[in-house]
Amino acid sequence: MTSSSRGYQRVDSSGDGGSLLMEEEGDNPHEALLHRNNDDYASTYHHVGVEYDSYEELERHEMDDRVTEIPEGFHRRQRRNLIYGDDVATDEELRVLRREALFGEEVTRAGLGRAEYYEDSHLIHSCDKSGHEDIDDESDDESKDEDEEEEETGIRKFAKLVLPHVALVLLTCTYTVIGALIFYSVEQPHEQMMKEQQLKLIYTRQNEFVDDLIRLAAGNETKRYEWESLAERHMHNMSDQLFVAFEKYFLTSNEVKKNAATETWTFSSSIFFAVTVVTTIGYGNPVPVTNIGRIWCILFSLLGIPLTLVTIADLGKFLSEHLVWLYGNYLKLKYLILSRHRKERREHVCEHCHSHGMGHDMNIEEKRIPAFLVLAILIVYTAFGGVLMSKLEPWSFFTSFYWSFITMTTVGFGDLMPRRDGYMYIILLYIILGLAITTMCIDLVGVQYIRKIHYFGRKIQDARSALAVVGGKVVLVSELYANLMQKRARNMSREAFIVENLYVSKHIIPFIPTDIRCIRYIDQTADAATISTSSSAIDMQSCRFCHSRYSLNRAFK
């Protein structure tokens, strides 16, 4: 060690244990750059002006590029590991550096430099720790915000799914109530006035009849035909007046007896009338009799009927989807209960389809609710209406069942009408739900039959354009059938008919041998076709997926 040039060689961590390297030229030491390794901390001094190694720079730049490509979550975990890891310098290392400073100026500089480095690094890590704690708090806040956003998005999705249906129902109800209010405000005053006029006319006719009877009695009239003619004339006038009052102004016998008019156009009856209009039931009692009321009825129906039909169809679709869901769960439960007998009832699958992952348990058909089940639901609901109306109205069960069926099918003859206003809203709820159930039945059963009708129609259309080979010529089946019918019309004799049948059976109907099921197909192996007649029999099966036929050897028991 000399005064002109002194140096401490740094040994690598894999060598003698990591010494300090200090290089000086003269009395002016150069600035040092401290680098932190994964295993230990060391200080390395470089001469000013000396360039870094190109390989180290390249590696550093590559690492920088790779770090930028790492996701943010990985950076967060890495920073947490650095914060709570064992990389921070301990107090024992600081004491060792202070002891090394007692052995010389150079060692003191090196030791103090290293101690300052560790103190600075400890301060930096403490700052980083506090900073990362803030980052963790921010990340927790961000996660909470994300959870809240997910909840909000879930609520929004649910709202988007439910709100249109709820809004449609509320719109229909609001529209019906507004229409009922207008009907009530227009028809109720006019109805009260007209009923009072009709009662006055009825009692006027009655008083006239009594006056004529008194006049005949005062004149000592004893001829019978005079009394009969007088009574007949007044009775006809009275019956005409009563019929008009009942038919046109819905006057009842109790009102005539008490000589007091009661309100037919109450608010409940107005809502009931509005519902019967928009649902196209139309009982016909009561009806608007004023011009303003009739004009409003037309305008109200133009928008109310489509709106109500759409709403009822939406409710029916909702019920049909839930009924299909319940029926599917019923089938699953039935499948689980009867799973031990599944092998006996399962359909056959050929080896080719089985090799492609198609098995016996694969469900390739949509769940279709049987028609009798839907019809049973409709009948049960109608019977429930019969029981309900027999309790609410003075009707028998059969009369109530008849009214319920007429209402559910929107026929609405009007011969039976609920009269009790106290139960009007219960009856309205029953009617609306019944119309939704009727729509559900049409949606579940009617669509299936419509599909079948279209299927047969397409098949018939395809059959018309089918080709047949007759006498070496290709002709349409429709043309062949027309020619045969013309020939049959010309040859009505039995002999010609027999010859024609023989011709048809010979040239049109292909020959089908009786043992066709025993004939081996071209793609069937010889081993599968070899069957012992003494111990087994041939059972031709059809594949569930590709519909190809193949034979199974089934031994006699």
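First residue shown is number 1, and so on along the chain.
Glycine residues also receive a Cβ, built from the backbone N, Cα and C atoms like all the rest.
Annotated features in Swiss-Prot:
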type     : residues : note
COMPBIAS : 134-151  : compositional bias 'Acidic residues'
CARBOHYD : Asn220   : N-linked glycosylation site
CARBOHYD : Asn237   : N-linked glycosylation site
INTRAMEM : 270-290  : intramembrane segment
INTRAMEM : 397-417  : intramembrane segment
REGION   : 1-34     : region 'Disordered'
REGION   : 128-151  : region 'Disordered'
TRANSMEM : 166-186  : transmembrane segment
TRANSMEM : 295-315  : transmembrane segment
TRANSMEM : 369-389  : transmembrane segment
TRANSMEM : 426-446  : transmembrane segment
Output, ordered by sequence, the same-chain residues six or more apart from Asn237 (N-linked glycosylation site) with a CB under 8 Å from its CB, or 'none'. Arg205, Glu208
Around the Cβ of Asn220 (N-linked glycosylation site), how many other Cβ atoms lie within 10 Å? Please give the count over every shown protein chain. 6
Of the listed stretches 166-186, 369-389, 426-446, the one with the highest count of C-beta pairs below 8 angstroms to the transmembrane segment (295-315) is 166-186
Using DSSP and three states only, what is Asn220 (N-linked glycosylation site)? coil
